[in-house]
Amino acid sequence: MLRRTLLATAALALAAGGALAQDDPVKAGFIYVGPIGDGGWTYEHDQARLALEEHFGDQVETVYQESVPEGADAVRAITQMALSGADIIFTTSFGYMDPTMEVAAKFPDVKFEHATGYKRSDNVGTYSARFYEGRAVQGLIAGRMTETNKVGYIASFPIPEVIRGINSAYIHAKKENPDVEFSVVWAYTWFDPAKEADAARALIENGADVILQHTDSTAPQAAAQEAGNVITFGQASDMAEYAPSPRVSSIIDNWAPYYIDRVQAVIDGTWESDDTWDGIGPGMVGIGEISSAVPEDVKADALALKDSIASGEYHPFTGPLNRQDGSVWLEEGEVADDETLLGMDFYVEGLTGEIPN
Amino acid sequence: MIVLEKRRQPSRHWMLAAPVLAVLLTMVVGGAMFAALGVAPLEAIRTIFWDPLFDPQFAAYSRPQLLVKAGPLILIAIGLSLGFRAGIWNIGAEGQYIMGAICGAAAGLAVYPSASVLVFPLMVVAGALGGWAWAMIPAFFKTRFGTNEILVSLMLVYVAESILASVSSGLLRNPEGRGFPGSRNLSQWDAAANRELIAGTGLHWGVVAAFIAVILAYILLTRHIQGFNIRLSGEAPRAARFAGVNPARVVIFCLGTAGALAGLAGLFEVAGPAGQISIDFNSGYGFTAIIVAFLGRLHPVGILLAGLLMALTYIGGELAQLMLGLPGASIQLFQGMLLFFLLGVDVLTNYRLRLGRGEKA
Amino acid sequence: MESINPVLLIASVMLSATPLLLAAIGEMVVERAGVLNLGVEGMMITGAVVGFAVAVSTGSAATGFAAAALAAAALSLTFGVLTQIFLSNQVATGLGLTLVGLGLSALIGKPYEGMKSPVLPRLDLGPLSDLPVVGRMLFTHDAVVYLSLLLVAAVWAFLRYTRAGLVLRAVGENHEAAHALGYKVVRIRLLAIFFGGACAGLGGAYLSLVRVPQWTEGMTAGAGWIALAIVVFASWRPWRVLVGAYLFGGVTVLQLNLQAAGAQVPVALLSASPYLVTIAVLVLISARGAHAAPASLGRPFHATQ
């Protein structure tokens, strides 16, 4: 175990160095899965990194590495970041879960924050956002605004995160409009502008006049604009350049408050591993401005829904709700537990089609 | 006017000097690019080429990583080089790599959680077979119908990626993974893990296999009749036919070997450094290996060196991003430049520069 | 299923096939001259970023297209110089070109992320656009769609009926013989490479200015590789390139339409279908024995050999 010893020594030396020089800035590292210029997921993490620098000034130094493939390369990227003296490292994709755990075991004095995962240890915390809360607001607007009663949904991969979004949007669209139908296209990509544009066109040609997307590019927005009479929602970032129409609102990933909070904890020496799953309330999920293309009453209802979710008064997955096969999932008034939500692999009643696999 | 004149024999002198010249040229031009991006050029060059090997902070970790990164590249490139020598253009090694990983992992996971010592060998065999079978598809169509193997092997990469996405969120999904895509972590399961064999060296079974492949390929090409057949098929296909070489057999041998080696690379990666099957498991080794094969001039020893050099630019590039904040794209561009210069100066090995008109010779 | 409208479907297919068609027809000319340039992806994305940047700066999509063609052609000349003058290996150089193009485009494109481009107007074809069915299907596109079709016809006529086309084919089939006849092999190949680069650039710009339209890093997402495959698929014939590009674009769009219409087909199979169909058609064509690559494809040429 020569390597382990070497690493441990290096880590100790760094930790000692850090303790000696209290005035050294805290070094926060970020591992990104895509290029910063993806305009979506990675872009928003980097915006939060910049906000962090702004907030702390000289107290904090940040480093990042973009387009890190998940797997072996991730282990190396994270290790090198730890070796370079990072005090806290944010690994911002689900696929970094095992690599983060592996590296964290070798660097007990470095703090790790893994996004969207579920494995934790003394120096690994996790964080994620309840995007489905934002989907509920989108669903309400979609249900009220659609004239064809067809809502198109561009999905990426059949994973719980995406399925939660579809269910949440559908439940709240259906509440407003019992005739609404969802058609889901699985693009099998997070980011492929050309394919996303094609998917949006296919949905529009099949009669959808509302497009929801769980992929990161603005291509569907452009396709909707071209078609006219179709509304869309920004995903991950505000996509305000397509407002007021077709983009009528958006879900914004706002990681800045969390990052500032966690780095502050490192500075104060109060950082502890925990599991954060925040939604609209704490500001991790932002709802982009509802544009003038939405009628006032719809906007008012949407904002009311947003507020009741934010205050904790209402949970988007509240019974009675059945599974797609008609079996009971939640009784009247019952609220879904996080465990089920985290592993959600079923549609709710009313959705047609099957989840792949 | 400067003209090129073909040398009777490749210049040994330039064969060694050309890569050095290319690296120097890349440093100059790449340095200029880094300077334009606002980073001290010497520091950037040092970070890429020197720090991974000798920096006191990183080298203890990143030196062994060179082998981890170079291993699959070399293993795949050796397989590809056989085909390229015979004029068989398998550019779908990425797909064979994926299928090797899937089949190997599936074979292992089928007997989970057995602790038998046979688990890992079983996975190795399944991985090689998976890659081999995937390469047999273009081989079959080529020998049976004369279908172009470039297209079929390339298209099969995309098919393999679809299968990968499908099995990682379906068939091979970790039942304890709370519905998230991705298989069980093989590197955490002792019987299936492809571990570091000597601590602190980065040496795992995949690297060992790569070294063995280099040696076997060298013997094959210099000492064995099949190696001769391969070279003849590539250099003089008609002569090969007259000499009684069965072209179909060469196709099947070359594609099969390349597929099996790529499959092995995938298996060693999934059971070791990567740990699990996931949607984004593949990271372009199959394509990069094509570059490695040509950089190494399709020669086993050349491929070994080229693989290590590529690995160095990857790891050095990562350090440069981390320490100097260089954008990832600039590293990609830098690698492209290095490749261009290496390929460009290679002309000096086979040709002589001369002033005047060299029409005769 | 009945909700799929064939008229709109075909109009979408034309839109999604055009970048592939442009890149593939250019590459076909390059390969007919005996050169294998695997760097189509790199040239396309360079065209995409330069086209977008110039269109945004000048406010004219047409200028963007012109700049994209020039920039990608200029990039392709680095490949040309390396392979034709320095006699480097074409496969490796082409892959290098892809690396360079991807890296370069990302650096150039940084300031243009999240911007919107000027719109390329639809070509006004007067009464033709008002025809029932075919009007919407065929006559409501922008100029570049028709340009791509014209280009196919022009390449076909050039190769078949002109002397220069004959020379180009001769160079691709047997460069030694062409050289012996006094043709400038290297010059002809450089011109072909330049043309191929320009076409790939146009294809890339069509992605960033029309089909998507926006600039994002890595946005070609493999389209260049598909274009290469289409050339082989087409057995190096212009009209078959057209068929190949439309078929591939067609299957891609159709599978999304099938999903949108709620067809009960396994999605993983659907998303792999464009590639499977391409393989199947190729095998069928080759089983009937009609295919031939240019004889000198990918082989280096040196006058004193």
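Easy rule for this one: first residue shown is 1, then count along the chain.
Any Cβ shown, glycine's included, is placed from N, Cα and C.
The following features are taken from TrEMBL:
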TRANSMEM  C:6-26  transmembrane segment
TRANSMEM  C:38-59  transmembrane segment
TRANSMEM  C:65-87  transmembrane segment
TRANSMEM  C:94-112  transmembrane segment
TRANSMEM  C:138-159  transmembrane segment
TRANSMEM  C:190-209  transmembrane segment
TRANSMEM  C:215-234  transmembrane segment
TRANSMEM  C:241-261  transmembrane segment
TRANSMEM  C:267-287  transmembrane segment
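Taking Cβ pairs closer than 8 Å, the transmembrane segment (C:215-234) reaches residues 19-20, 23-24, 27-28, 31, 38-45, 48-49, 52-53, 98, 102, 105-106, 109, 112-113, 115, 117, 200, 203-204, 207-208, 240-241, 243-245, 248, 278, 281-282, 285, 293 in its own chain, all 6 or more past its ends. Within the chain, the transmembrane segment (C:65-87) has long-range Cβ neighbours (under 8 A, six or more residues past its boundaries) at 35, 37, 39, 42-44, 46-48, 50-51, 53-55, 93-94, 97, 100-101, 104, 120, 144, 186, 189-190, 193-202, 204-206, 209, 300-302.
In this chain, the transmembrane segment (C:241-261) lies apart from the transmembrane segment (C:94-112): fewer than three C-beta pairs between them fall below 8 angstroms, excluding pairs fewer than 6 positions apart. Fewer than three CB pairs closer than 8 A are found between the transmembrane segment (C:190-209) and the transmembrane segment (C:94-112), and contact between the two stretches is not assigned (pairs 6 or more residues apart).
By number of Cβ pairs under 8 Å, the transmembrane segment (C:94-112) is matched best by C:38-59 from the list C:6-26, C:38-59, C:138-159, C:267-287.
Contact count against the transmembrane segment (C:6-26) (Cβ pairs under 8 Å) is highest for C:138-159, out of C:38-59, C:138-159, C:267-287.
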